[in-house]
């Protein structure tokens with residue numbers, strides 16, 4: 001049911017577009033400057049009149065390895081997060097076990113622990129285990145961004161699945177795992193996608209663990225690639241903005257293609 | 001972990017009317033099967049959330065430095081780290097900055113987020129599309145946002161100063177990120193930009209949950225416009241407002257990327273917060289002991305707000 005179009009509603013639409021344009025100006029600016037290539041620290045023009053891909057050429061030269069690292073780490077974090085979170089969400093939604101309330105409470109608190117606290121301790125732990133500057137280390141650490149969120153959002157969904165669905169299978173002799181794997185997981189597909197998307201975005205955007213748990217140039221996420229540019233006096237903003245655009249592609253693509261999952265996750269993030 | 005796990009079987013050990021052994025065994029097997037679903041998550045939470053908190057508390061009492069990584073020794077120093085942190089001149093600055101950064105960010109995000117939410121409560125074409133595109137600043141990697149803002153706020157070539165000068169609002173360029181008096185304001189501004197979508201989304205969903213009948217009944221009594229907001233919207237939104245505000249505080253206390261990307265904590269520590277100071281001590285000076293002490297202060301502050309959050313959230317659910 002789309003709202004009726006009257007001059008009044010059209011005025012609201014116009015105002016809404018203006019608000020959006022204002023809020024997204026920095027994103028426009030990022031794209032705009034990225035297309036002005038080598039423009040030195042002199043000011044950028046308002047529109048990219050002389051479009052050049054020099055900025056992207058430099059960015060790809062500098063950052064391809066880092067982008068690949070980010071992809072591997074983010075996908076790894078999604079796999080680890082869902083593997084850990086989905087069964088737990090099922091248990092929380094179905095079983096009544098002692099101590100589950102405490103676990104739920106711990107999950108809520110876990111979401112609130114400042115990342116620097118975790119980084120401080122993980123650095124020393126990973127140093128002992130030889131996990132600094134490694135993919136497994138980054139993947140495991142980045143799963144912290146998503147696991148509590150994924151458990152909470154998926155168990156909220158699974159609670160809405162009628163128990164009769166699994167009970168029938170259980171009566172027929174299916175194990176809990178079977179009921180979980182062949183009934184709950186397919187039925188919960190949408191909430192798994194939402195959780196997975198956010199785990200990906202959280203890990204992809206991670207800065208804290210990339211900053212603290214990697215020290216060399218070999219394994220470095222693209223967020224740290226951007227940070228490296230910002231460390232010194234930036235001489236040329238084209239490549240920096242081109243890298244920023246490349247690092248923003250997943251968020252933009254997912255927001256456009258997977259809008260309803262993103263909207264579901266954004267709501268579920270806090271009001272459970 | 002073992003104690004938690006043991007709670008399951010033990011809980012089943014003494015059922016009211018002791019059933020025959022086979023049934024008891026079946027019951028135990030059932031409980032074990034149920035717990036297995038939770039084992040990976042419990043293990044993960046213990047290692048990646050539980051251990052760091054304990055380790056951090058312990059490190060706060062140790063001389064944990066570069067030498068520790070070589071010799072493996074971290075001598076116990078009691079409260080020396082805390083004494084050093086509190087007596088250092090920077091501590092006062094970081095506490096004040098953290099408070100200002102948090103208050104300023106929350107105030108800006110909340111007020112603008114609420115205005116946006118109220119605006120999008122109207123029904124008009126493209127409402128949904130525009131509202132979800134507004135999430136973008138929140139979904140982008142924060143460091144990418146910091147990068148573009150760093151260029152927008154640049155003193156000499158930045159578009160903000162150029163625009164302000166162009167329309168004659170200012171004569172000389174403002175040193176947004178390099179003046180100790182202004183840098184914190186600039187950092188807050190950027191954090192507000194990042195936080196608006198989150199505030200708007202939660203407040204919007206709160207507004208959607210207020211039944212239309214309330215407004216219809218209110219309108220009959222003459223409550224429209226401002227009055228409707230004050231007597232109907234605000235009281236009904238209060239519980240969501242509490243949740244949004246407390247979550248905002250908790251998330252703002254954590255912020256690191258925006259500050260490191262924009263100012264690196266400078267100029268002259270003008271934007272150094274507890275979080276960035278903990279990072280600086282641990283990872284730039286390799287004084288993990290004092291870094292842990294600072295982040296323990298951060299844990300305590302966060303936990304206080306976390307408890308407030310959980311209570312606010314419970315109230316929100318009860319209503």
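The first residue you see is number 1, and the count goes up from there.
Using N, Cα and C of the backbone, Cβ positions are placed for all residues, glycine too.
Bear in mind that TrEMBL entries carry predicted annotations, made automatically and left uncurated.
Annotation source TrEMBL lists transmembrane segment at A:67-90 (among others). Packing against the transmembrane segment (A:67-90) from elsewhere in the chain are residues 135-136, 138-140, 142-143, 145-147, 150-152, 154-155, 157-158, 180, 184-185, 188, 192, 195-196, 199-200, 202-204, 206, 219-223, 225, 246-247, 250: each is 6 or more residues past its ends and has a CB under 8 Å from a CB in it.
Here TrEMBL flags A:67-258 as domain 'ABC transmembrane type-1'.
Within the chain, the transmembrane segment (A:102-126) has long-range Cβ neighbours (under 8 A, six or more residues past its boundaries) at 92, 132, 137, 141, 144, 148-149, 151-152, 208-209, 211-213. The feature transmembrane segment is assigned by TrEMBL to A:102-126 (among others).
Annotation source TrEMBL lists transmembrane segment at A:138-158 (among others).
If you look at the transmembrane segment (A:179-204), the same-chain residues 6 or more away from its ends with a CB under 8 A from one of its CBs are 70, 73-78, 81-82, 85-87, 90, 139, 142-143, 145-147, 149-150, 153-154, 156-158, 161, 165-166, 169-170, 247, 250-251, 254, 258, 261-262, 264-265, 268. Per TrEMBL, transmembrane segment is recorded for A:179-204 (among others).
Long-range contacts of the transmembrane segment (A:237-258) within its own chain (CB-CB distance under 8 A, at least 6 residues past either end) are made by residues 27, 29-31, 33-39, 41, 44, 52, 54-56, 58-60, 62-63, 67, 70, 74, 193, 197, 200-201, 204-205, 222-223, 225-226, 229-230. TrEMBL lists A:237-258 (among others) with the feature transmembrane segment.
Distant neighbours of the transmembrane segment (A:138-158): 69, 72-74, 76-78, 80-82, 84-86, 88-90, 92-94, 107-108, 110-111, 115, 118-119, 122, 126, 131, 184, 188, 190-192, 194-196, 198-199, 202-203, 206, 209-210, 213-214, 219, 221, 265, 268-269, 272; these residues of the same chain sit at least 6 beyond its ends, with a Cβ under 8 Å from one of its Cβ atoms.
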